[in-house]
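Copied over from TrEMBL, here are the features:
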type	residues	note
ACT_SITE	A:145	active site, proton acceptor
BINDING	A:138, A:210, A:212, A:244	Ca(2+) binding site
BINDING	A:140, A:154, A:251, A:255, A:370	substrate binding site
BINDING	A:244, A:264, A:268	Mg(2+) binding site
DOMAIN	A:29-130	domain 'Fumarylacetoacetase N-terminal'
DOMAIN	A:137-433	domain 'Fumarylacetoacetase-like C-terminal'
């Protein structure tokens, strides 16, 4: 079973004062990774680690000579413009770098002066997609989402017979994945309006969000060599937030028989910070099956997965319309849920994806699928929150939404908290809808 | 409309004598691209152009200084270990290199001695996947395949209502795409046997081939900026052969509602040589719709696409069992068809893929989908040839096959011929099934 170590000690404080503030997403117990540079500069992007409102610049850190051994090699790998090389090093290297940074960033650390010289303020930074994503696979791990959306696409057959046996997933588009702050045009395409006999062409009328987690693969596996579930988590670098924007009207017309395509691949938005599995260890929970559901097949089952394969990551979706933005109004919460409700775990996704011999590579991305919880206020997409557009969501200022309108911004947030552990957060994942191209 | 130029002249002969042999896939009118190195060497892979039984080494050619201007820049870009940089240069650069090579390889060319020094025998070469494939999209452009396979998966509803309106496609897996010669283990996974109430787990029992063409994207488009059909072919670098191996029993159980996943992503095999669209120009044919079928929507329609958007590429599938190999017997033909039967063209695939703003990147790969023609002997997968495993295919030596067995090799071949034009070929795409991992 997973053991916590000194880096998880909730009593740790950093000499970076902002890291010790209540509610800060990036205390010293977190130490997530991103790639960044100074805003508007011609600097190369490079890896960084968040601490409070600062970033430890891994390129500067690697040059400083402060770290030794495996941690130094990890910092050097993280100094590149994408994190793939660091991801490829494996969990021992990530862990060594985390421990070294935890020690060097603690109050009283001898390395304070040297590390201070490697800090860049987050307020001055811009971010990029943290890895060259070779392949992106989107899973479908919320049984609540699958049931809710299934009711609308297939009223007589909402949850298909394979759902409780197979961690359903499909391949997604890597090229259109962007980083928080992404603005994208409303997609246009073919749709079949209800009752029509021929499809029409035009801007999407049912533009939706999907609150997901993004799971970055660290070390890969060779083609033909499955990853057993007992080793699956060793291949996972970390987790971020993911908004899998969806054009429901395009999806409804195109998705049979080969799955969603243009309804999903116009844009997907990631949060910049990737929280490592090690940082998430204190927030593990048991993975259980509802009474009467089949138990996972052997290749999807292990004692560790049952005992602590799930993560209690708190999630929230905020919506800010153009009118709210103009009025200086913050986004309004439209969903609050947790990753603990997922039907399949991260380890099960890895084991399933590779059981046929498929090879994963460092920097590959998994989407968790839309993470709806069991109740309506935990529904993680407008198609569920509004019951297919029938019941609009009320917003401050008298506005309401069935689907996203031009100018809408969506903010995803995630965090973990638990008695006896620090609170850590994922930062924000923001995206904005631009009008369709004319 | 497309005009032919001096490089297409069927009377042209090369000073590389093997290029002038009847039936040779690589006469001077072809000049396809691959990446290669000497077998078993530690050399870097680099781009090459086929001529007869030889390869023009683009790295050596770039160093030689024989070429000038845009052609020299293209050769330099093609000297890398993947063709992405050459692909990104665009059609003017590819065309300049083709013209320069055509002139330098002709009988009597002044450049003969210099080019001779850049030749490597194909018999001594090994190949790699020609591009870093950022994203792989598999289409479904044969209405005959869609109907045949639809009958088996959905007997009451073989051809879905969207088929004649939407060039159906889905995202595939890039990491497991290999080059001709690929050997892969039979995949294992979950299947639901007919009549069973619970799925079982084990090696695939319905392993199949899919004869497809692979279409490499050259220059890309920016996110949010669709490629109009009138410009679509400018973004296409060339075409190769593709075997999209498929595990039908795994597919049948997993594919609802998000499409095929583990049933397809264990291996896909490409032929090494990519034939440029310019080389394919003499073999264009009109794109027509059967009487009564809807005409393509405006974004999928153009005068050029109607007049000559399709390609008459002859295709063949050969099967060689382990017993046949041991007896020194060549592969037996089990399918003969043509790409001209496809329901959607290359230009329509590009226009559709980008109409929602999705960005394509140099080196992206499209699969055409299984290219079954209208009759049974033109069926391009065993699931069709055997009517779902009911009617085995007879092979020499008394063997027969319903599905692929361990040790089977499959050979795809493609070529173009037409009166008044040279015959050009695609070479071979070979893959072999290894036993499942135990």
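Heads up, residue numbers simply count up from 1 along the chain you see.
Yeah, the Cβs are placed from backbone N, Cα and C, and that goes for glycine too.
Nobody curates TrEMBL annotations by hand; they come from automatic prediction.
Feature map: TrEMBL annotations on the structure.
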residue: A:138; record: Ca(2+) binding site; Cβ within 10 Å: 28
residue: A:140; record: substrate binding site; Cβ within 10 Å: 23
residue: A:145; record: active site, proton acceptor; Cβ within 10 Å: 28
residue: A:154; record: substrate binding site; Cβ within 10 Å: 13
residue: A:210; record: Ca(2+) binding site; Cβ within 10 Å: 27
residue: A:244; record: Ca(2+) binding site; Cβ within 10 Å: 24
residue: A:251; record: substrate binding site; Cβ within 10 Å: 23
residue: A:264; record: Mg(2+) binding site; Cβ within 10 Å: 28
residue: A:268; record: Mg(2+) binding site; Cβ within 10 Å: 29
residue: A:370; record: substrate binding site; Cβ within 10 Å: 29
When you put residue A:370 (substrate binding site) at the centre and draw a 10 Å sphere around its Cα, which of the recorded positions A:145, A:210, A:212, A:244, A:264, A:268 have their Cα inside it?
A:145, A:210, A:212, A:244
Chain B neighbours, filtered from recorded positions A:145, A:210, A:244, A:251, A:268, A:370, Cβ-Cβ distance under 8 Å:
none
Spatial neighbour of residue A:268 (Mg(2+) binding site) that is closest, considering only the binding-site residues A:140, A:210, A:212, A:244, A:255 and their CA atoms:
A:244
As a test of the contact definition, list every same-chain residue at least 6 positions from residue A:212 (Ca(2+) binding site) whose Cβ is closer than 8 Å to its Cβ.
A:138, A:241, A:242, A:243, A:244, A:367, A:368, A:369, A:370, A:371, A:380
Return the residues near residue A:255 (substrate binding site), defined as same-chain residues 6+ apart in sequence whose C-beta is under 8 angstroms from its C-beta, sorted by sequence, else 'none'.
A:153, A:261, A:263
Within 10 angstroms of residue A:264 (Mg(2+) binding site), Cα basis - recorded positions out of A:140, A:145, A:154, A:251:
A:251
How big is the Cα-to-Cα gap, in Å, between residue A:210 (Ca(2+) binding site) and residue A:251 (substrate binding site)?
13
In angstrom units, rounded to an integer, how far apart are the Cα atoms of the residue listed as 'active site, proton acceptor' and residue A:154 (substrate binding site)?
13
Secondary structure content of the domain 'Fumarylacetoacetase N-terminal' (A:29-130), with strand meaning DSSP E or B:
45 helix, 24 strand, 33 coil
